[in-house]
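Written out below as structure tokens is the structure these notes cover.
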Amino acid sequence: MAKAANVDKVKRLRGWVQNYDWGRCGAEAQVARLLALNSGAEVKPDRPYAEFWMGTHDSGPSFLADGYGEGQNVGLKEWIRKNPNVLGHKVLEKWGPDLPFLFKVLSVAKALSIQAHPDKELAKELLKLKPNLYKDGNHKPEMALAITEFRALCGFITLEELKGVLVDIPEIVELVGNASAKQVLDISKQDGAEKVKYALRLVFTQLMSASKEMATKSIAKVKSRLHVESQLRCLTEKEQLVLHLEKQYPGDIGVISAFFFNYVKLNPGEALYLGANEPHAYLSGECIECMATSDNVVRAGLTPKHRDIQTLCSMLTYKQGYPDILKGFPLSPYITRYLPPVEEFEVDCCILPKGASTVFPAIPGPSIFLVFLGKGTFRIGSREDIVTEGDVLFAPSNTEITITTSSELQLYRAGVNSRFFHNAL
């Protein structure tokens, strides 16, 4: 059962919404639906609702709902600092009096920037050099778990696929130059991974560094060539995507760079893990996202925001090949767990049929629960609370929670990666 000391420290939270321009507009966004249910805020039909944040990051902090006897507008971060024992001693010892993870829902209508997140060492350096652009010194590994079909660009295609791109897309060769293209075309795997990586880095850096004028001209050529060819053959999915991106970001070098990346489509319930220094861009769909507590993003294309092409091209791992898709594993008949290869976070998805019951056992770290759909009862010790869609709850360490449903219930839980506790013993 829950430890008595922590029963009263389960708190309802108000999330924070980011209205970035790539978000879905108005009520069609899950983010907007959750915002309205969570805080009663009015949803504006022509406003984009991109991200719903649950956590302690300064760019979008959660607050205790109605103060919960703690006074009005008490931030979760401030409350944890005053009650550090809610984190459990292992988490407190490792990360101090703060949550090491940030939990989100994303509603993506148009492509996000081609970006990567720095590792810890680079994050500290960027914070020191450009504090106005890079706001914290933490790394930002992240995982996207699809709610709807979710599309993304992620990681570089294989060497063979890259050679195919340089043969089939003459406009890219024009931008990177014949010498760099030849270097890739002449290379083989027998030449060794470092040589392959060097050639890929060279050709990608030259592509991303092309002048705005050259990029605009090349993209216009690709567009008109593909329109002509579409009369004679079916365009590939990647070619169709490039034409779609061109409508969203005309003349942007990110449009043509899409040929270099894997085109990933997640079905609902599948997840994509993105480590430090891996290039990616979310394209469309809605997902649950979890990451280390950071908002560090280095951008290089498909964006009106600041681009730091030199930093991005120098920081990437240049690892090639299709990314691993996480399908999660059953923790119990109703709970699926997604475990990324980092200590800061894991995500559970719980789908509970009407009238069913399940238990989230007491664990040595904190959790945030999001009730995504439906209605049910949380039982914590001798206390019972009705929870309904849009509710967000913070649960301290060592708190066992029993959930019973009065309708089908879908909820997500973010917590510290359970492997961390096993390794920390």
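Note that Cβ sites are derived from N, Cα and C of the backbone, with glycine treated the same way.
Annotated features in TrEMBL:
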| type | residues | note |
| --- | --- | --- |
| ACT_SITE | Arg299 | active site |
| BINDING | Gln115, His117, Glu142, His280 | Zn(2+) binding site |
| DOMAIN | 12-156 | domain 'Phosphomannose isomerase type I catalytic' |
| DOMAIN | 176-260 | domain 'Phosphomannose isomerase type I helical insertion' |
Same-chain neighbours of the Zn(2+) site, Cβ within 8 Å of the mean position of the Cβ atoms of Gln115, His117, Glu142, His280 and not counting those residues, run in sequence order as Ala116, Lys140, Leu274, Glu278, Pro279, Val297
Across the domain 'Phosphomannose isomerase type I catalytic' (12-156), the model's average pLDDT, rounded to a whole number, is 92
As a whole number of Å, the Cα atom of His280 (Zn(2+) binding site) is distant from the Cα atom of the residue listed as 'active site' by 10
Cβ proximity for Arg299 (active site), under 8 A, sequence spacing 6+, ordered by residue number, returns Ser113, Ile114, Gln115, Lys305, His306, Arg307, Asp308, Leu312
For the domain 'Phosphomannose isomerase type I catalytic' (12-156), the DSSP helix/strand/coil residue counts are 46 helix, 41 strand, 58 coil
If you count the other CB atoms within 10 A of the CB of Glu142 (Zn(2+) binding site), including all protein chains displayed, you should get 25
